[in-house]
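Annotated features, as they stand in TrEMBL:
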- LYS139: active site, proton acceptor (ACT_SITE)
- PHE31, ALA88, ARG203: NAD(+) binding site (BINDING)
- LYS54, ARG203, ASN204: substrate binding site (BINDING)
- 2-108: domain 'Glycerol-3-phosphate dehydrogenase NAD-dependent N-terminal' (DOMAIN)
- 128-268: domain 'Glycerol-3-phosphate dehydrogenase NAD-dependent C-terminal' (DOMAIN)
Amino acid sequence: YSLPENIVATTSASEALAGADFCFHAVPVQFSSSFLGSISSYVDPKLPFISLSKGLELNTLRTMSQIIPLALGNPRQPFIVLSGPSFAVELMEKLPTAMVVASKDKKLASAVQQLLASSNLRISTSSDVTGVEIAGALKNVLAIAAGIVEGMHLGNNCMAALVAQGCSEIRWLATKMGAKPTTLSGLSGSGDIMLTCFVNLSRNRNVGLRLGSGEKLGEILDSMNQVAEGVSTAGAVIALAQKYNVKLPVLTAVARIIDNELTPKRAVMELMNLPQVEEV
């Protein structure tokens, strides 16, 4: 792909931010704090940040809505999160896509809706920043689990059961953190989960697929030229589960596989041997 004439690429933050009406932030979560700290002097305190980065900062467990104002030293920096089932390659081919923008500021959410909506992109608005961010972060971890199932050739029944369980775990945790259940069944929740877990273009699913096939994590990551956010976010899952006192067997198993505490085969055995319970 070549860039359209009305887009100019630059590595200069001061040049990119001068006179900007909006800033799209797509730096991976784990590098966002240091990057934003280094450019903060060029950022207008009223410049709205539209975050495309999905994940949780390791150690701090912060989401992008917390990272951006902290890193910029401005607690009032306008913030919007953009999420939903959207592979970039399909958007660039102008195929029909639907996404959601969430902000605590309704006017700002509407302004970004108007900015992005087109004949091939539908944009819904939401005030549930927590729900959109947590679903977007944790679906990447669930996608690794879905890839592992695929890589181990465990079948479609297993895949459906695993993803359903993962959806429940995301709902349990997100609602404890203040998210609305309706967000989790919408575009940024179920919609994004379906795309990331079931389609081969997903980076996180591909990591799981290769883990399930027996490859080592280090080799997989070394061979990738893009970031799979789920790998880092998995590390935050165990801490979140403890903090909010929620049992997350599938998401926790992914974290343990990534930390080399558990083999994929052993993880499946453990999950299948959990107590038989009432569905919640």
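Keep in mind that glycine also has a Cβ here, set from the backbone N, Cα and C atoms.
Automatic, uncurated: that is what TrEMBL annotation is.
Keep in mind it's a predicted model, so treat the numbers as computed, not measured.
Least crowded of the recorded positions (LYS54, LYS139, ARG203), judged by neighbouring Cβ atoms within 10 Å of its own Cβ: ARG203.
Distance noted between the C-alpha atoms of ARG203 (NAD(+) binding site) and LYS54 (substrate binding site) is 13 Å. In the predicted model, the domain 'Glycerol-3-phosphate dehydrogenase NAD-dependent C-terminal' (128-268) shows an average pLDDT of 93. Checking each of the recorded positions (PHE31, ALA88, LYS139) against ASN204 (substrate binding site), the C-alpha distance stays within 10 Å for LYS139. For the domain 'Glycerol-3-phosphate dehydrogenase NAD-dependent C-terminal' (128-268), the number of residues in each DSSP class (helix H, G, I; strand E, B; coil) is 106 helix, 0 strand, 35 coil. In sequence order, LYS54 are the binding-site residues from PHE31, LYS54, ALA88 with a C-alpha within 10 Å of the C-alpha of LYS139 (active site, proton acceptor).
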